[in-house]
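Let me begin by presenting the structure, written as structure tokens, before commenting on it.
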Amino acid sequence: MLLRLELSALLLLLIAAPVRLQDECVGNSCYPNLGDLMVGRAAQLAASSTCGLYRPQNYCILGYLENERKCFTCDSRSPYNDYHNPSSHRIENIITTFQPERKMKWWQSENGVHEVSIQLDLEAMFQFSHLILTFKSFRPASMLVERSKDFGRTWKVFRYFAEDCANSFPGISEGPAHSIDDLVCDSRYSGAEPSTEGEVVLKALDPSFDIHDPYDSTIQGLITLTNLRVNFTRLLTLGDTLLTRRKRNPQDKYYYALYEMVVRGSCFCNGHASQCIPVDGARGDTFTEPGMVHGRCVCQHNTAGYNCERCQDFYHDAPWRPGGKADSDVCKRCNCHSHSEKCHFELARYLATGGVSGGVCDDCRNNRIGPQCELCGPFYYQDPQRSVDDPYACIPCDCDLDGSVDRGLCDPVNGQCVCKQNIEGERCDRCKVGFYGFSRDDPSGCQLCRCNFLGTIQVGNPCDPTTGRCICEHFAYGSQCDQCLPGYWGLGNTVYGCIPCDCDIGGALKTECSSVDGQCKCRPNMVGQKCNDPAPGYFLAPLDFYIYEAENAAPLAVISPFIGPPPFVYPTEGIPERPTKLPLCPPAPKPSSVPYREHITVQPSPAPHNPQVTLPMCEHYFRQRGYDFKISNGRLVVVKREKRQTRRRRQGQRTIPFEPGSPLQILLRQRANDQSITWTGLGFVRVQDGAGLRFTVSNIPATLDYYVVVRYEPESTDDWTAIVSILSIGSEDERCPNDQSNKMFTLPASGRTATLDLPVCLSDGNQYHVDITFRKQPSEDPHSSSFILIDSLGLIPKVESVPNFCSQSYLSQFQQYRCIELAVQAGGQTLPEVCEMLIGSMSAFIHNGAVSCNCHHVGAYGSSCSKFGGQCQCKPNVIGRCCDSCAPLTYGLGPNGCSPCDCDRSGSTTELCDQTTGQCSCRDGITGLQCNRCYPGYYGFPLCRRCQCNRLADICDPITGDCLDCREHSAGRNCERCEEGYVGDPVSGQPCEPCLCPDLNGSGRFFAFSCNKDPRSGAPYCECLPGHTGPQCDSCSPGFYGDLRLPGGRCKECCCNNNIDPRDGDACDPVTGECLRCLHNTEGPRCQSCKRGYYGNALAQDCKECSCDRRGTDDSKCPAGSPCFCDQDTGQCPCRPGVQGALCNECDDGYWNMDGDYGCQPCNCNREHALNYICDKITGQCLCQPEYGGRICDECGPNHFGNPDLQCMFCDCNLEGTVHPACDAYTGECLCKPGVTGPFCDECAPGHNNNFPACEPCHACNHLWEKIISDLSLDAERIETMMPCPEDFRSRPELQHLQNLLEKLQNVLNMGAQDELKKLEELLARIRNETEIIDPNIIIIDPTLLLNTDIDYIRLEFNKLLKNLREKAKEGPVTDIKAVNDIFNKIKKFYDEFTDSEKKVEAAKKVQEASRKTREKVTLELAKCQIGEMDKLERKVKALSAANINEEVCGAPGDAECEKAKCGGALCGKCGGPDCTGSLPISLNASKLAEMTEKNITALRSQLKEADAQLRNASEMTSYVKDQAENMMDKINRTKTKYEQEKTDTKALIEKVKTYLQDELVKPEDIEKLANAVLSIQLPKSPDEIKDMIEDIKKILANITEFNDDLEYLEKQAKIAGNMKERAKEILNRTELINVKEIEKALNDTAKLHDKIFNDLDEAEQNNDVIREKVNETEPKLKNIEDHLNLTRAKTLLDEIEALKNKTEMNRAQGKEAKDTADAALNSANDTGKDLEELKEQFEKLKLNSTNQNVSSEANERLKNITMEAENLAKHVEDKMKEIEDLEEKILLSNERKDEMRKELEALQKEADDLKKFIVDKVQRYNLCSP
């Protein structure tokens, strides 16, 4: 009954819990409480290994100090029970139960099993928090934790744990993690401490990371799981599993043992539940297990599922998501407006609504559709009077079936019908705007109005809705209003529809244009929309285009000729049949070859009755008369330069008669810069009263009426009358009848143009002569001029006569703006825009389009010209409208234009030249293209005097008059002397005769510059060439060679590279030139190489003696008794193999023992055990790995044992109780000190006290009892050992099997292997004997395992030997018999050595046996307690110890500890010291002293030999002191270098020996070997003999005074060449031996001088800054000067500017040099300051140490030198300062000069600008002439 009540209460609690939790989760996320997931899941927990699960198993523990018992039994066959089965260690024991005796139960794995796993399987998805493992045993050396989310199908690693992560889990990064999902290895939980109750903690999420979204997929992947597995991969052991000194299996104490495992987590509900209930189908005991975490969520927030992972039905309007702070938008109820009870979620709708609604209703009722059933279905629409929830709100559609589509389908919201394409209205019952013709049969309902919207009125409907007729805009027509009326275009471009055409009246053929783009129809070569622009390459002619110059007209009156220069006749050309087709730029007439003169008469065209002759074109006429044309704005400006000797009638003009006796003269008008041009052409024709001119007109463009215009200039105030007669040469044109009578009009004196009142009609196909006679009207002034100046005749078309040209309005504008008056005026006035437009249109009308430019293909830059006027763009010096002629004073039309004539004014009669050849007209006696030189035989232009050459030359230099090409072997300026190689006197008529030196000049054997006559004897003598000597120069001088007997032989300088004495006649072979007496230690046919045994640059006289170390040098290149032969260029000595260094004085890496018989020998370091192949270059010791030793690392190292080919293991001995080395290198047996025992030498031996490590001996009587107890104990242990154990019986079959294997191995390994096994057996026996005394409680290893280990080692050795044997077998048969013999000999030698060693071992065994007997005797004596005898025996034993030996060898008693023994000993790693008197330190000191003494003796002997050789050579080679001094300096330097190198090497050797002796790993036998080597060094006899030898050397050197003087002089010269910094350093060096007391005053003076130098340098720096600023100011000024340079300036000005520029550059360079000098002086002064500071410090030190010293004369001399050099330094600085000041003055003068030049350039620039402005103004006022 009570149980039933409890169940009922629990059920009520479970039912009420969701209601309470629902309130807690409203609007917020909620989570179940954390708990231990292990609780209640014992059945779901499993382990891969558990001890005693099938049978009881023993296990042992480590460090169990509470009880003597160390081994226990595990029996897990039944569950754990405190009373009945406390030894059960099943996996369920690790679940936390909170029992009082919690530590009494645990889970434990089997012994020695490394890989063990524990797995927890959960029934649902849980959220994991952290894991805690509490171990009873050591924590694992490595382990990992895995998780699964799919109930064990796949696994992922949580975290790795290892003591050594790199070896346990290679490739896994060691912590810490950088992100939440980093997979790392943690080493914090895998150490050996603590040995129990150690923990391993794993947190799912590292708290160091800031987690923003706990429901992120990455986070969920880390914290959710269905299974958890812990994998232990390696046990943590203490290294004793490989030892061979245990009787029990060490694996028994290594296993995994866990007190508890806590897996903290909770039910995973995605934030939508705070409570969980059991999962369906789970265990039935869930209600009885307190603290269990269940797996099924009690979901809130309208969610469902085990983990609340989905929404409830009909709650899909918002997507499911994990719980958060605001969960109002999670799993919302769908809104279907009461028309459905089912829905689903669509992400696309949710995104489209901006996250408002994502639910889509299913199966809508009441004609409803839509995601929320909010729309009416097809053919229904929403009744606006009803709500959406009303089941009757959708009513049927009402559409016109003729105008709607889809059978009357309407809009479901407003009921609007779906109309046809062109129908509108709610019921689709009318046409849209812009459409017409409503019809049922039309698919679109109505037709589109076909109106052009550009031409249609856009107000309302553009067409009638019934008929479709369009309503047009203005000027548009057509049924669709898509066309413009004729004369209009641009439909829709304006508000008026179309715009009128605007075609040019002359350029267009008609006024109509294209209605699309307004393009008019143009005349030929006219372009543009209006046809008002000429095409490229064409132009429009101006109104005054047809001008006929008076200079080209023919005279009407014939006057008798007068005497004058010959006339200039122009070639004639025929007149073409069609004048209208005459080119506007006809070919230029060929220029005459007759030179131009100042007065030129022109033969005019023949009489008027000869129509086939015409005057040349105006451009040619002007050009041939030396006038320059310039173009500006379509106008021609003629410029005439002033010439010397030019007769002028008036300023700016000259006259040229037409012909002899003619009353007409051509008046050339000179243009002034400031005068406007009021004429055309070259100038005027001066016509006498009554005379006339005939103008030929043959280029009429069209049959029109033309106004006749005469341009003139009166010479008086009288009016003139012009009588005009027009005569047609061809037949009369009916279209153009003319009155043949004369016409008259007045030329008023106040005007410049006159126009015939009535126009004349001229036809385009005819040629006319226009005759004009000029009459002066009567005048009251009898002195008035009877001449008038006629400029030109012009024909101006009459606008009114042009048929159908322009309207009355255009004519009114033409007259209003006085277009004709402006056009006929000369001077190039700018026309108004109206006039220019009308004239251009008329030109296009008259010429039927534009006129071709016809630009000359050579003279013009292109084919285009100016649009109005047609002026082409001419190249330099090219003129004419077509750019077809050279400008005056130029010639040679070509690709680059025309070249200037450049006629020399002094030699030419005019500045004009032939325009084809460029030949100028020269004066008498002058020739040349530019008339700038004299005729051959004359010189001195322009005076041109005859050459003076003594009749021995015909021509001379045209400038200097020096004769050229003198004959009869004469030479000189006037051929007044004989040429080289001849002798005579040409002035006096004595001929030049050849010299014989020794043969004639030109014979190939003439070796003199010339010859001469002796003034006394008159005999000729030769002046020899360099290198020749003798009366006839027939032999070579010293230092020269050559075979003068051969043709072409010469004496050439001997090429010996400055390595011979040029004064020595025998220095080189006189015939071959081979060098015979080479100096400076050189050799070779050219002394081009250093001698053998020397190296360096022979070309620079720098050959030094080789300094090779004979120990490391190849014997063949370094023979005994002679110097070594090194590389003659680099000095590299030829080293033996394994030796390196320029002097072969150092072993190469991988080699050692420089003092060996064959140089350095290889290190041969063991590749497997050495860190690298390099060893110590003195001892050969390789750098071994920590566990290896020996010279080549082929042995086990100190404190290690084993087989070095397999493995060396640490001895694990107590170093305080062992000797050195600590253990046996092969067996590992610890070698204990006396009084110490134990397998690890860690306890005191019997008979000694227990104060380890001191272990003082007990009383002597104690040995009696000790021996008795020991014997009894040994006997008991032997009896115990002989008793068989059950385990021994079990292992006998296995031992038998192993014995069989050993026999097989013995057969394979032959005798050697049997011996080794025998030794191993003996070793095992010894080990067993030694271990008898071990404490029986200590764990003993089973001997079976030991034997297995030994067999494994033997097997490895056998495999290794077998592998080597197979490799040798693969190499094939041996063919090198000698190598085989050598190997055999080596093997034999090694065998002999092995035999000797074996004998020594046998002898040692005998000694050992004798020692054993001795010990037995001692023991026997001790047993008798004979104290006196025991003391004697102790003294004898001590005498046999190493202490006395240490004292004798190292210098101090050897019984002290190594830390306290200052001199060390045999076991201390060192021997000897500073105050030690042993044999070894004495020998070391003797070695150092011997080495130093040997160096001194060697140096002194070398100096003695050199001094002796110098004495012998000094008397024989006095003339070569300089060369000998240089050689001596080289030898001294080499000797110094050699001694310094030997000193350095010796220091390095001593340092290496010191380092070697200080090394703790050095063996005593190696120290002894090194000491013997030092003692074997030969020392001098006595120090007194050394002193005597030194004194003798000093005496000998003191006698060499003359040589020392020369050497001192050379050294002084070399020192003078040094810089100031080196002098300052020398000052410091010279003060080392000076007494301070007497030079303090000089030092103070030097300090003051130092301060003064600093002040001067500061001023120099300031001046330098001023100079730098001046230079910076000069550079922009110089740039301005360069920018203002003008090419038109005279050459002298350019030269001055260039000189100024060079001067400025020089100043800049001097300024920079001064700056560099000042900087160098400043740096030097700074260095000097530093050096002086160092001097002061040195003086202060010397002051303390030199109180009793006397001042020597040498010190005084050095002091004087210091003072003198300091003064020189100050003077040098002052000189530099003065140079800087001078340079500053020069820069100032240069700046003033530049300012003057700048002002002059500015004035010239202004003058050039004014001139340019005037020229431009004049060019603009002149137009080109007509063709």
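Backbone N, Cα and C define each Cβ position, glycine as well.
Predicted, not measured: the structure shown is a model, and the values here were computed from it.
The coiled coil annotation in Swiss-Prot covers 1294-1335 (among others).
Annotation source Swiss-Prot lists coiled coil at 1385-1449 (among others), citing sequence analysis. When pLDDT values are averaged over the coiled coil (1385-1449), the model yields 59.
According to Swiss-Prot, the coiled coil annotation covers 1485-1554 (among others), on the basis of sequence analysis.
Residues or ranges marked as coiled coil in Swiss-Prot: 1584-1820 (among others).
According to Swiss-Prot, the disulfide bond annotation covers Cys269-Cys297 (among others), on the basis of sequence analysis. Non-local contacts of Cys269 (disulfide bond) by the CB criterion (under 8 A, 6+ apart in sequence, same chain) comprise Cys30, Tyr31, Pro32, Cys276, Cys297, Cys299, Asn307, Cys308, Gly323. DSSP assigns Cys269 (disulfide bond) to coil, not to a helix or a strand.
Non-local contacts of Cys394 (disulfide bond) by the CB criterion (under 8 A, 6+ apart in sequence, same chain) comprise Asn366, Asn367, Arg368, Cys376, Gly377, Tyr380, Tyr381, Gln382, Asp383, Pro412. Under the three-state DSSP scheme, Cys394 (disulfide bond) falls in the strand class. Residues annotated as disulfide bond in Swiss-Prot: Cys376-Cys394 (among others).
DSSP assigns Cys428 (disulfide bond) to coil, not to a helix or a strand. The disulfide bond annotation in Swiss-Prot covers Cys419-Cys428 (among others), and the record cites sequence analysis as its basis.
Under the heading disulfide bond, Swiss-Prot lists Cys431-Cys446 (among others). For the recorded site, Cys446 (disulfide bond), the DSSP three-state label reads coil. Counting every protein chain shown, the number of other Cβ atoms lying within 10 Å of the Cβ of Cys446 (disulfide bond) is 23.
Sequence-distant contacts (6 or more apart, same chain, Cβ under 8 Å) of Cys470 (disulfide bond) comprise Cys449, Arg450, Cys451, Asn452, Thr456, Pro462, Cys463, Ser479, Gln480, Cys481. For the recorded site, Cys470 (disulfide bond), the DSSP three-state label reads strand. Per Swiss-Prot, the feature disulfide bond maps to Cys451-Cys470 (among others).
Look at Swiss-Prot and you will find Cys484-Cys498 (among others) tagged as disulfide bond. If you take the C-beta of Cys484 (disulfide bond) and look for same-chain residues 6 or more apart in sequence within under 8 angstroms, you find Gly455, Phe475, Ala476, Tyr477, Gly490, Leu491, Gly497, Cys498, Ser515.
The disulfide bond annotation in Swiss-Prot covers Cys901-Cys913 (among others) and rests on sequence analysis. In the three-state DSSP scheme, Cys913 (disulfide bond) falls into the strand class.
The disulfide bond annotation in Swiss-Prot covers Cys997-Cys1022 (among others). Take the CB of Cys1022 (disulfide bond) and look out to 10 A: across all protein chains shown you find 23 other CB atoms. According to DSSP, Cys1022 (disulfide bond) is assigned to a strand segment.
Per Swiss-Prot, disulfide bond is recorded for Cys1135-Cys1144 (among others), and the stated evidence type is sequence analysis. Listed in sequence order, Gly1112, Thr1113, Asp1114, Gly1141, Cys1144, Gly1159 are the same-chain residues at least 6 apart in sequence whose CB falls under 8 Å from the CB of Cys1135 (disulfide bond).
In the three-state DSSP classification, Cys1208 (disulfide bond) falls within a strand. Annotation for Cys1208 (disulfide bond): same-chain Cβ neighbours under 8 Å, separated by at least 6 residues, are Glu1187, Tyr1188, Cys1196, Gly1197, His1200, Phe1201, Gly1202. Here Swiss-Prot flags Cys1196-Cys1208 (among others) as disulfide bond, drawing on sequence analysis.
In the three-state DSSP assignment, the secondary structure recorded for Cys1213 (disulfide bond) is coil. In sequence order, Asn1199, Ala1222, Cys1223, Cys1230, Leu1231, Phe1240, Cys1241, Asp1242 are the residues near Cys1213 (disulfide bond), counting only same-chain partners six or more apart with C-beta under 8 A. What Swiss-Prot records for Cys1213-Cys1230 (among others) is disulfide bond, and it gives sequence analysis as the kind of evidence.
Residues or ranges marked as disulfide bond by Swiss-Prot: Cys1232-Cys1241 (among others). Residues near Cys1232 (disulfide bond) in space but far in sequence (CB under 8 A, at least 6 apart, same chain), listed by position: Gly1217, Thr1218, Val1219, Gly1238, Cys1241, Ala1245. DSSP assigns Cys1232 (disulfide bond) to a strand.
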CA pair Cys913 (disulfide bond) / Cys1022 (disulfide bond), Å rounded to integer, equals 57
Measure from the CA atom of Cys1022 (disulfide bond) to the CA atom of Cys428 (disulfide bond) and give the result in Å, rounded to a whole number.
-> 136
So what's near the domain 'Laminin EGF-like 5' (501-544) in sequence-distant terms, Cβ-Cβ under 8 Å and 6+ beyond its ends?
-> 483-484, 486-491, 634, 794, 796-797, 805-806, 810, 819-820, 823-824, 837, 839-853, 855, 863-870, 1823
So of all those disulfide-bonded residues, Cys419, Cys901, Cys997, Cys1022, which one's Cα sits nearest to Cys431 (disulfide bond)?
-> Cys419
Cα nearest Cys419 (disulfide bond) among disulfide-bonded residues (Cys446, Cys901, Cys1022) -> Cys446
Ordered by sequence, the long-range same-chain Cβ contacts of Cys997 (disulfide bond) under 8 Å (at least 6 apart) are Gly981, Phe1006, Phe1007, Ala1008, Cys1011, Cys1022, Cys1024, Gln1032, Cys1033, Asp1034
Would you count the other C-beta atoms found within 10 angstroms of the C-beta of Cys1230 (disulfide bond) for me?
-> 27
Nonlocal neighbours by CB distance (under 8 Å) for Cys901 (disulfide bond), same chain, sequence gap 6 or more = Leu889, Thr890, Tyr891, Glu911, Leu912, Cys913, Gly918, Cys920, Gln930
Local backbone state of Cys297 (disulfide bond), from DSSP in three classes = strand
Across 26-266, 334-396, 397-448, 901-946, the most C-beta pairs under 8 Å with the domain 'Laminin EGF-like 13' (1211-1257) come from 26-266
Can you count the other CB atoms that lie within 10 A of the CB of Cys419 (disulfide bond)?
-> 21
So among the disulfide-bonded residues Cys498, Cys913, who's got the most Cβ atoms within 10 Å?
-> Cys913
Structural state of Cys498 (disulfide bond), classified by DSSP into three states | coil
